[in-house]
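Student: What TrEMBL shows for this protein is this:
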TRANSMEM  46-68  transmembrane segment
TRANSMEM  80-100  transmembrane segment
TRANSMEM  115-133  transmembrane segment
TRANSMEM  145-169  transmembrane segment
TRANSMEM  175-196  transmembrane segment
TRANSMEM  208-228  transmembrane segment
TRANSMEM  248-266  transmembrane segment
TRANSMEM  287-309  transmembrane segment
TRANSMEM  315-336  transmembrane segment
TRANSMEM  343-360  transmembrane segment
C-alpha cells in the first residue's frame, strides 16, 4: 500500500506540474526547475513520518508491556484496571486533535477528495472498533498476569501471521515466497512455546494454558483490528491527515474505556482497589505512577501503530511491532528474572528470521517502486 500510494503521489505531482506548465507558458523554466523537487520532498517526508511512528510504536509497546507486568508483579490484581489503562489515556491526545481540527488547519492534502462519511457510519465504526479493542485488551491482560513476560512477548509475534491472513482477505495482500516463509517460521515459533511445559513459579499449568490461549486470541483479534482499521482508512474515512489518525484512536478509546469502567463495577473489582493500592509494593504513589505511565505508553504505541497503518499498511505496522520482540524478553530477564531457556531462544531466533524474511520482501517491493518512479520520470520528460 505504501509503495502504491507513493507512486500515485509522484505521478499526480508530475501531471499537475505538466498541467501548470501548459496553462502558463511563461513559467516553463520555473516548472522544469521545480519538477523533481516535489516528488523527492514527498518521499523524504514519508520516510520521516514512518521513522517517527516506528519510534512511537517500539517505545510504547516495550514500555507498556513491561509496566503492565510490573503492575502484577508488585501486587496489582485487577485485570479490568489493567485493561482500562490501555485505553484511558486518550484525553492526552485531545489538545492535539482540537488543534489539528481547527478551521485554520488544513485537513486534507491537495490530492485528497473532501468526502465525509455520515455520522451514523462513523458511530458504527468507532463503537465496533472500541468494543473489539476492549475485549482484545482484556485478553492481553490475562496473558500478562498468567505468563512470564518473555513468553508473552514471543507469543505476540503470532500477530504477524494472523495479520497476513486477514490482510489477504480484507486488504488484497499478495502472498510471496518470502511472506509465506515468514508466516511458517512465526507459526513454528509459537508452536514451540505451545508444546513447552513451562509455567511460572506462581502459576499453575492450568493458568499457563489460559494465559497462552488468551494471548494467542488477543494477537488474532489485534491483527483483525489492524486490517479493519486499514480498510476504514481506505473505504470510510478517506482523509490523509494526522487528525484522521487521532480520530481513529480517540473515539474507539472512549468506547473501550466505558466498557472497562462497566467491567470494573460489574465484576466487583472496584471494591478491592483501595486495599490493592495500600498493599502495593512501593506504596500508593508508585501504584498511581505505574498506571499513569502505562496509560501514556499505550497511547504512544497506538498512535505509532495507526500512523504506520495510515502511511503504509496494517501488515507493515505489525512487522515493525515485531522489532520489539528481542527487546522485551531480554529486559524481562533483567527486570523480572524470567528464565531464558533453550525453547525460548530457538523460538526467538525463528521469530527474528521470519521478521527478516518479511523485511526482505519489503526491500524487493521498494526496489520495484524505485524502478517504477524512474520510468515515470522518463515518461514525464518525453
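Even glycines carry a Cβ here, placed using N, Cα and C.
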Student: Near the transmembrane segment (115-133), which residues from the same chain, at least 6 beyond its ends, have a CB less than 8 A from one of its CBs?
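Tutor: Same-chain residues near the transmembrane segment (115-133) but 6 or more away: 87, 221, 224-225, 228-229, 232, 236-238, 248, 251-256, 258-259.
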Student: Where else in the chain does the transmembrane segment (46-68) make close Cβ contacts, counting only residues six or more beyond its ends and a cut-off under 8 Å?
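Tutor: That would be 2, 6, 82, 85-86, 140-141, 144, 149, 152-153, 290, 293-294, 297-305, 307-308, 311-312, 317, 320-321, 323-324, 327-328, 331-332, 335.
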